[in-house]
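Structure first, then comments.
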Amino acid sequence: MALSVDSALYRWQRPGAPSPSQTLSESTPLLVPVRDKPKLHLKKWRIVFPNKRGDGTDWKGASMLYSGNRIRTTKYTWVTFLPQNLFEQFQRLGNLYFFFLVVLNWFPQLEIFHREMIVLPLVVVLLASMVKDAIEDYRKYQLDKMINFSKTRIYDREEHAYIEKCWKDVQVGDFVQLQCNETIPADILLLHSSDQNGICHLETANLDGETNLKQRQVVMGFSRQNELFEPELFQNTIVCEMPNNDLNKFKGYMKKPNQERIGFNIESLLLRGCTVRNTEAAVGIVIYAGHETKAMLNNHGSRYKRSKIERQLNRDIFFCVGLLFVMCLVGAVGHGIWAGNFFEHPPYDIPDENGNFLSPVLAGAYMFLTMIILLQVLIPISLYVSIELVKLGQVFLIHNDIDLYDEEADLPIQCRALNIAEDLGQIQYIFSDKTGTLTENKMVFRRCTVDGIEFSHQENARRLDTHKELDLDDEDFANLQRFTLPPMDIEKSATSKQRSMRPLRRCQSARAHFQRHTRTRSLGRCDSNQSQVAFSSPIEKDVTPDSILLRRVREAALQTENLSPFIHMKTSTSLTDFFLALAICNTVLVSTATEPRQRVTVPPPIKPSGITLEKIHQIFQRLKLASLSQSFSSSQSSSDLGISFSAKNAPEYRAALECCDNDRDCGASGGGDELQGKDSTDIGSASLDEVFKSMTDSSLPTDFCYEAESPDEAALVYAAQAYSFTLVSRTPEQVTVRLPQGTLLTFDILYTLGFDSVRKRMSVVVRHPLTKEIVVYTKGADSVIMDLLEDSAKVDTSAERRMKRIKEKTQKHLDFYARDGLRTLCIAKKVLNEDDFQKWANFRQEAEAAIDNREELLMETAQHLETKLTLLGATGIEDRLQDGVPDTIAALREAGIQIWVLTGDKQETAVNIAYSCKLLKQRDIVFTINTENKETCESLLNLTLEEVRKNSEAEKPQRKIWGVIPTSFSASEAPSSEFGLVIDGRTLNVIFQAGLEETFLELTKRCRSVLCCCSTPLQKSMVVKLVRRQLKVMTLSIGDGANDVSMIQAADVGIGISGQEGMQAVMASDFAISRFKHLKKLLLVHGHWCYARLAKMVIYFFYKNVSYVSLLFWYQFFCGFSGSTMIDYWQMIFFNLFFTSVPPLLFGVLDRDVSAETLLGLPELYKDGQNSEIYKLSTFIITMLDAFYQSLICFFFPYLTYKDSDIDVFSFGSPINTISLLTILLHQALVMKTWTLFHLVAMVGSVVFYFVFSLIYNAACVVCNPPTNPYWVLEKQLSDPTFYFLCLITPITALLPRFFIFALQGTFGATLILKAQQVDKLPRGQQDLQIQKLRSRTQSPSSASVPSPVSNDDLKQRISHLCVSPFLHPVPAAVSHGDTASRGLSASEVNHLRKLTPEEGYYFFNRWAEEESVAADSSAEPSSGHYPLVPRRVKTPGQDDDKQTKDRAHNFNHGSHRRSVSAVTL
Amino acid sequence: MKNKTSFPPQEGETHPSRCPDNSAFKQQKLPAWKPHLTLATVLSTFFLTGAFCLSVGVCLILSANSVREIQIDYSEKCSDCSKLRENTSNWNKECHCFVNFTLKEDILGDVFMYYGLKNFYQNHRRYVVSRSDAQLLGRNVNIQKSSCAPFTTYQNGTPMAPCGAIANSMFNDTIDLFYNINSSVIQVPLLKTGNSWWTDKNVKFHNPKSYNVSSAFAETARPPYWQKPVYLLDEEDEKNNGYVNDDFIIWMRVSAFATFRNLYRRVSRVRQFADGLPAGNYTFHISYNFPVSKFKGRKHVILSTVVWSGGSNPFLGIAYVVSGTVAALTGFVITAIHLKLRKKKTYFQK
């Protein structure tokens, strides 16, 4: 028993002894009925009493203690809104700054503007935010209201029935009755379920997005109640843990009045927000309500991220603050000196109201503050508002991009973070998950090996390829849905030489898919309730059996009759065992296609109980020998087996068997004679089909849908089904499987040891119905299972020798699968004798009864059981790459983004996925570091780094060739294009612990891509953080599962893929896309645009503010630094607010410097954003200088023009204002790359609005704005030709330098972006051509960096040196092509495969090609099955040197990759 | 998460497709003009701008050169008076001063007479606001609340009319021009009205409503620096008296710079002055009242003509010429760079 529980109990039973925290419980009548009983420590435990609404006061007390179910997610109430909102608003720096200015302006000495007037901007900003907050909060309020007033049924003691109540009235201790499809109102402890097994099914999609059903079990002791649950009789007290946000952990116990305790855990808790499914009714008691529910505790608000531009911006704001300080200082000192110049006070130096004059020093000090007010615009507070607006617009546009819309899921991109859109344009590192992100997470059964014999499933591979093609065409697809064939006919058509590769589906799967298909079509969206249900797509469901294996299975089924040799017998039983294990060793739920989600729980009526396998076979044999013509239907009346067998097939069958043998021989010896082999196969399979067709036709309906917790489980069940081992039903106690003979076998499940990531395996313990043996079937990762196999060290018997051979072969196959990028699973079994099992079962029960360290105990018992296993075989499941992944990765890489893959998968799988998605190229040199030792790790890192360095230094001169297009590589950043690094979780741990981060990063910087395999979620986030912090780069994480959440949150930009694995990743992400390929447009186009737009806009805002404010500053030199302005204050406010605000905003939202097509065509354009080319310090400084220059021109041209004239203050100011408006807008026009109608209207509109407003204002206002009075000023100016001459020349002169630079860039500038702009101007046809040209240009430096033959030889030498080092010695890649060849894999088939799998990457292709040539080469030799890949490469004529180099690199990289295997052993 | 739990699942089925509109705006495919700086456009821009600016500049310089202007600093020449005014106790004493000058050639056309002040910071922040526009509009307002302080009322409570520092420091020299011809002295007829903006005179400035000017200002007192009350500014012309006095209005329009000129009089084109001022000897007869020495100021009297493009300031013309030259030169520079680089440009040149 757990210690903590004991102590808790002790505490509870300790009489009295109140602690300070217990005062609450004492003051309430909570413990009235248990007053005589000990008190419970309420800080740690929650006690729940059943609701005795009618009588007891105890419940009332509890309800007071615990929060009710009413939720309030609003921030404010009616009363607190104003103060709280104001308080929050004034926490913003900008508002405080405004407020500071208002306060400053309040002092008479400093007053520049009207007190009321300067308050205005602040009030406007505050009001706007307030309204926004209020609306937001009101929406939340309404939402809350809706939820609070949802109905549910609560037991009422007075009425003695369940009555309907609102959610908000639900309280802790209430009994709630839930109907099917009802949403659960609070966290409820399940006490009763209409299900006979006490199970309630939940859909947690609302909570975590996982669509598969979860089972919840009634609290032990209540489960067997078949009668209706009576709340009146429930007298127990519930003790459980305090509310927490862990969705997967919960524990507590129930105390019966007789002090008996019943433990329970999360398996009995129904969580708020989930939906009850498949269960008629459930009753439970409310444990947590309202805000204390786990769902609500998990409901965090979105977090605030600050984009890189904003961080830079803050730096520049500080620069502006510095500038402001300097300007104010100049003003203050200037004023002091100016005032000190007079011996006597001149008439224009006015004393204050009392007639006193300020001393020059004091006047200067005051002037400092005055100048802050005057030059306040220098701190661009408006910039923040504008940025928010622009980002809103940008996000709106991203959200509406139809290219990022996924039709299948009816999901556009979701922008969850509104303020980091421009970060998408600056990504330098991408960290990607593999499963579900790069791959579809649709598991497809591809290959298997049983008893050391590999079955390649060529037909299935072919089917998948055709399927892929067909997927593209919806019309054909829909037609094919109707084209359904009986299962065996399809089978036949596949094996016969039909040229059209029809996708082969069974009825039920076709129908299921068709339903889904029409549903999405007609509704236009995926209904969240149903279609996300984990019905697998046909691609996963239909497995075309391998013809050879199928034949063997059937042979096995018919074997007893033949009295085959022992070895055959052995094989056949392991085949049967293998498929049985596939079918039952899982937690798959079975439902029928006609009634999805209605589980088949009742075992089928016929139970072939008491029939042994032998007996079946005997019957079978008898039937055959008697040549009966009548068919035995599987009539319900017959207690025997349901086999229909038509006797006329018998001779054919015999012939077929013979043919099969021939065929196999032919395949093994000839290999090339395809036609013959095919023919014979046809005959064989056809006859067999006949046999089995009749059987399957007559048996039970085959429409089963399998709902699995993980897709690979379902894939295995479907695979088993393909070989007629059909999982028919599953209950917690029993599982029924239909055998190929048509027999239904019902196994009693004694235990199910679920999968966990530590054990990496799962097991079921069943009692075989025929042999009554207790069998353990285990399925798990090969690394684990292989170690758990029965020890065959002492090889004495032939059986054990055989076992060893099988093990070796299987391992070989597994390696081969892994290299193919397949997920491997080993299947093993173990037979227990009754005593051992009983012993273990007792132990297990104890462990299950434990409450506290239950997990550990369970783990221990599981590990105890899963030993000394017998290997049955292994499977290879393919996790298909998503569409367009290699293309996207290639483009992103070309864009200069480093892509790392962080995955929890095993190394081989990850490496192969990396190859197939072009993350690693064939000629890349891949270093693999696997070690657990610190010193080894360090030396390995250093060694590798040394190698990489040497190599990259050798290339450097080549890279430095500077084309006309400057490659923006800096030496440190340049990722060496031919190194890959593979590292595993353990090594990462060592690196983190031993402080080798810097070496590691140094190495990774030089590597083209990095793969971290077997890494935990924590490691993933640590890696992201390490790179982000140490290298100071912009990182992006993309993932789809809960295990990626921490990584997504650690990165600058987190992207979630809304896919199969639920919503957690999406919830944690900033952007949620539905396919990996969307990343390309998101980054390359939207990222680039958003960055370019915002960066330019920010720069422009700085420019605008500085150039405008400087005008006022220059004037100070002519008014004795007295803080005078020559522009009326209203016009100044409006200048920023209206006259010059719309064009930059529009620019920030709509500008397209380069078209989307060109951006996608030339990913290199992305580097602009990566290197922060547009907005960096130098740009900022240049812009500042330009702003000063322009303001100087804008001020001094009018000054010199009006110097010594009778111009008055405002008449001088109005041309300046006009000029500066024109200059600022024209500057914008120069920066703008796209002119749409909006832009034109905004530009012209701004100027027109300025004149109209100013004219009206100057004409209407005689005394409205005392004491400054711009009455009729502009009108007067407009009648003066000088004004026009001035307004013409000043902007021209002011913009001349900038235009000059633009002109130089535009005509001679060689930046890629300008070239791309030129490309945009070309007509369509030429565009592509030019893009190709540019690409070849830009890529030429990198192609130059491909090692020349000489340097490659060099490298090879070094590598070979490396190889002999104790850590890295090469293990030749062993490919078991011997088996492949022996199974008659003809050359043409290989060719076919090559043709069909181009998307699987060159690696795949090359490997096959090599194998093929090797096979051809060595056909005369006895096939030993051990062929080192490297030396056998046969040169084909016509290969140029370059190809050889590549091949060599390729070979080498295999070598280097394989080295890793040995490194693991360190 | 909250949102999700709140919506019953049935609602989803009627939900329309979430597919974004395929509109040009939302897909960012609006038809757009993309200006591109090609060599042709750039060069033509520079050369055209250059040519335009040069021609305008030449015109402006020519026209500015046609302006005749005479500027005489009389703060030195009337040093006696200047010294007298240094002592504020002598404010009431009259001081006259004569300044002679010779016109070498005729000044033809309208001749304007300005007074110029140097180092007088009329644009000082607190000076600029020290006025009450409402009072000047003739309204009866409590100037105590205006920004006139401390020039609002005397200690006995009598309000100043007009209030504020601007009015208080009004330029109060009187300048007359005499034409010395054949030892006889003819006073050049000068117009003292019509010099201010029409809107100022008719909209912004009004005397308080009363049957005559003096009674309108009965309850008020003159500003402390003034020698006479506001209703005696022009005793001859009722319409040029009080707040609507042209000299006063012009002074109240505060100047933009510390060195400035204000229009004082226009030469009335009658008799021998019908074409302007003929060449010859002239004398300014100045009644020296306005003290400038205490702020190191200077006083000028200026005679000038105006042309369509403004006054005598040649700056605008020069600016045009210089800018035009620079633009043209830039064009040449770009051409030169282009010619030099042409051979090197091997690709992507249309």
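Backbone N, Cα and C atoms are what each Cβ position is placed from, and that goes for glycine too.
Note that the structure is predicted; figures quoted are calculated from it, not measured.
As written in TrEMBL, here are the features:
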- A:D433: active site, 4-aspartylphosphate intermediate (ACT_SITE)
- A:D433, A:K434, A:T435, A:E713, A:F755, A:K779, A:R823, A:T903, A:G904, A:D905, A:K1020, A:N1043, A:D1044: ATP binding site (BINDING)
- A:D433, A:T435, A:D1040, A:D1044: Mg(2+) binding site (BINDING)
- A:1340-1351: compositional bias 'Low complexity' (COMPBIAS)
- A:1438-1450: compositional bias 'Basic and acidic residues' (COMPBIAS)
- A:64-116: domain 'P-type ATPase N-terminal' (DOMAIN)
- A:1066-1308: domain 'P-type ATPase C-terminal' (DOMAIN)
- A:1332-1352: region 'Disordered' (REGION)
- A:1416-1466: region 'Disordered' (REGION)
- A:118-135: transmembrane segment (TRANSMEM)
- A:317-338: transmembrane segment (TRANSMEM)
- A:358-385: transmembrane segment (TRANSMEM)
- A:1098-1117: transmembrane segment (TRANSMEM)
- A:1129-1150: transmembrane segment (TRANSMEM)
- A:1177-1200: transmembrane segment (TRANSMEM)
- A:1212-1230: transmembrane segment (TRANSMEM)
- A:1237-1257: transmembrane segment (TRANSMEM)
- A:1283-1314: transmembrane segment (TRANSMEM)
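Comparing CA positions across the binding-site residues A:T435, A:R823, A:K1020, the one lying closest to A:D1040 (Mg(2+) binding site) turns out to be A:T435.
In this structure, the binding-site residues under consideration are A:T435, A:F755, A:K1020, A:D1040, and the one with the smallest number of other Cβ atoms within 10 Å of its Cβ is A:F755.
With Cβ pairs under 8 Å as the measure, the transmembrane segment (A:1177-1200) is packed most heavily against A:1098-1117, out of A:118-135, A:1098-1117, A:1129-1150. Taking H, G and I as helix, E and B as strand and the rest as coil, DSSP gives the domain 'P-type ATPase N-terminal' (A:64-116) the counts 27 helix, 0 strand, 26 coil.
DSSP classifies A:D1044 (ATP binding site) as helix under the three-state reduction. Here the Cα atom of the residue listed as 'active site, 4-aspartylphosphate intermediate' is found 15 Å from that of A:R823 (ATP binding site).
Of the two recorded stretches, the transmembrane segment (A:1129-1150) lies close to the transmembrane segment (A:1237-1257), with three or more CB pairs under 8 Å once pairs fewer than 6 apart in sequence are set aside.
Same-chain neighbours of the transmembrane segment (A:1212-1230): 1100, 1103-1104, 1107-1108, 1111, 1125-1128, 1131, 1135, 1139-1140, 1143-1144, 1147, 1190-1191, 1193-1195, 1197-1199, 1202, 1243, 1246-1247, 1250, 1254, 1258, 1270, 1273-1274, 1277, 1283, 1286-1287, 1290-1291, 1294-1295, 1298-1299, 1302, counting only residues six or more beyond its ends whose CB sits under 8 Å from a CB of the stretch. Beyond the transmembrane segment (A:118-135), the same-chain residues lying 6 or more positions past its ends with a Cβ under 8 Å from any Cβ of the stretch are 75-76, 81, 85-86, 89, 94-95, 98-99, 101-102, 105, 373, 385, 1133. Packing against the transmembrane segment (A:1283-1314) from elsewhere in the chain are residues 964-966, 1153-1154, 1162, 1164-1165, 1167-1168, 1186, 1189-1190, 1193-1194, 1197-1198, 1201, 1215, 1218-1219, 1222-1223, 1226-1227, 1230, 1277, 1334, 1338: each is 6 or more residues past its ends and has a CB under 8 Å from a CB in it.
Under the DSSP three-state reduction, A:K1020 (ATP binding site) is assigned to helix.
Local packing around the Cβ, expressed as the count of other Cβ atoms within 10 angstroms, is greatest for A:D1044 among the recorded positions A:D433, A:D1044. Cβ neighbours within 10 Å of A:R823 (ATP binding site), excluding its own Cβ and spanning all shown chains: 23. Summarised as a single figure, the pLDDT of the domain 'P-type ATPase N-terminal' (A:64-116) averages 80. Around the Cβ of A:G904 (ATP binding site), 21 further Cβ atoms fall within 10 Å across all displayed protein chains.
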